[in-house]
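What follows is a single structure, written as structure tokens, with notes after it.
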């Protein structure tokens, strides 16, 4: 329960360039989830000019990691404010400490973790090819981001694997094929009318 409502939370994890953002947009469109990005919420808080935002900005400038509690509070507020009860939380938890703090503070355990599994070679190729002018899309920074992901996020995936809560997707395939795999996982969350229509058409065709 959160703010008086029962919520479904799915953590979305994957290395930089694994295609998480693209697939999250597809899940929102087809399955009615609300997409929450921890990074976006922190950036929005900084932009708001609040005291909290100034503290976050100073920490980031000093190269410090924003405390889990701060990020969790922003995620909690966004979920309570939302009219929805199904959430994709993207890029969080980044490490084991994040994970433990999220479950302790919110008392919410994710329904499952959607893990976009992709080789470093493929992610590197995508990041270098996307030409978005992002300062972190150069080879040295990319290598550092990969290392951070492996060191910090893989223990989170291992933890939820031990709880049988990880749904792994082969993210090296083309976008449309990846989404076909995603659709199978999210079928139970489809709007009911779509689910029955889907069932009807599948049985009619076969």
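Here the Cβ of each residue, glycine as well, is placed from N, Cα and C on the backbone.
In this view, residue 17 (ATP binding site) is surrounded by 24 other Cβ atoms within 10 Å of its Cβ, with every protein chain counted. What TrEMBL records for 17, 18, 19, 20, 21, 22, 130, 173 is ATP binding site.
Per TrEMBL, ribonucleoside 5'-phosphate binding site is recorded for 43, 64, 65, 66, 91, 92, 93, 94, 134, 145.
The CMP binding site feature in TrEMBL is assigned to 98. In the shown protein chains, 21 other C-beta atoms lie within 10 A of the C-beta of residue 98 (CMP binding site).
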Residue among the binding-site residues 19, 21, 91, 93 whose Cβ has the most other Cβ atoms within 10 Å: 93
Densest Cβ neighbourhood among 20, 43, 173 (binding-site residues), 10 Å radius: 20
Cβ neighbour count (within 10 Å, all chains shown) around residue 22 (ATP binding site): 13
Residue 20 (ATP binding site) versus binding-site residues 43, 65, 91, 93, 98 - nearest by Cα: 91
Residue 17 (ATP binding site) to residue 98 (CMP binding site) - Cα separation in whole Å: 22
